[in-house]
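For reference, the structure is listed below as structure tokens.
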Amino acid sequence: MAMTVMHTFTRNMATAAKINNVVVVGGGLMGSGIAQVAAATGHNVTLVEMNDELVQKAVGGIRKSLERVAKKQFKDDAARGQQFIDGTLSKIRGETKPEKAAQEADLVVEAIVERMEVKHQLFTKLDMAAPAHTIFASNTSSLSIAEIGSVTKRQDRFGGLHFFNPVPVMKLLEIIRTDLTSDGTYRSLVAFGERLGKSCISCKDTPGFVVNRLLVPYMAEAIRLLERGDASARDIDTAMKLGAGYPMGPIELLDYVGLDTTNNILQGWHEKYPENPLFQPIKTLEKLVGEGKLGVKSGEGFYSYKK
């Protein structure tokens, strides 16, 4: 009996320690950030984008981000700072074919567009190409992990790794277990998160996990306050900053996150749970998105950011 327990423990520990080769699919803000922190903590990283130009753009963004980190961390030692930048970048290589990248992966993290059919196409391809031991994870912020993983034959090796923007700065990592995620897979994901220096929390596969399940309805309610004319945007933001100690007000946060992103999340949840009043679509939000006013990234949202 003791031998069996010891063998299981050893096997699980070995599983948890095995993630060295990481593939990140998607070189946007989130994917680049995940690639950066994985490379900075000694993982071999392959960053997958649709073409070479996008790969170069992503790597360029990572270089700039690393320069900012080095300036802060090694402000009195420029040589060590440069060593940190070069060392991290040397751990990252680019690829345009996800199936090729997955062939030697211990972990594949998907950080692409929030559309179920696109994620399904990707994971169907990856499932055929990746070795049996490879763990798959999605960085989705709003879709069901189980549904994303349902197209694979490794649902026991499928989980969620929900990072926060900007990834190199934000300490939290939500680790999502589906009903089929194995204990070994879960332990491996936790070990990976901790090696990245993140504080890991666990959550079941529920809409928005912990943070967005609380945050999206909160931001939506702030817009509803505004729509009713109960208070101005500035006063709503000031109220939550000074009254609740939040670093940003909900309207500011909406602009920062992207109005399109929040609108997509609400629409997706509303389609799945039409009876939930918290998930009702919001006309003001839809109108601004329709006008291309997406927040900080487009220069205007609820506030204007044009210089």
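Note that Cβ sites are derived from N, Cα and C of the backbone, with glycine treated the same way.
Note that TrEMBL annotation is computational and uncurated.
Quick look at what TrEMBL lists:
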| type | residues | note |
| --- | --- | --- |
| BINDING | Ser65, Lys72, Ser141 | CoA binding site |
| DOMAIN | 21-206 | domain '3-hydroxyacyl-CoA dehydrogenase NAD binding' |
| DOMAIN | 208-305 | domain '3-hydroxyacyl-CoA dehydrogenase C-terminal' |
| SITE | His162 | site 'Important for catalytic activity' |
For the recorded positions Lys72, His162, the largest set of other C-beta atoms within 10 Å encircles the C-beta of His162
Taking only the CA atoms, the spacing between Ser141 (CoA binding site) and His162 (site 'Important for catalytic activity'), expressed in whole angstrom, is 6
CB contacts under 8 angstroms to Ser65 (CoA binding site), restricted to the same chain and 6+ apart in sequence, sorted by sequence, are Ser32, Gly33, Gln36, Pro166, Pro168
Pairwise CA distances across Ser65, Lys72, Ser141 (listed as binding CoA) top out, in Å, at 29
If you measure between the CA atoms of His162 (site 'Important for catalytic activity') and Lys72 (CoA binding site) and round to the nearest Å, you get 26
Secondary structure of the domain '3-hydroxyacyl-CoA dehydrogenase C-terminal' (208-305) by DSSP, residue by residue, totals 65 helix, 3 strand, 30 coil
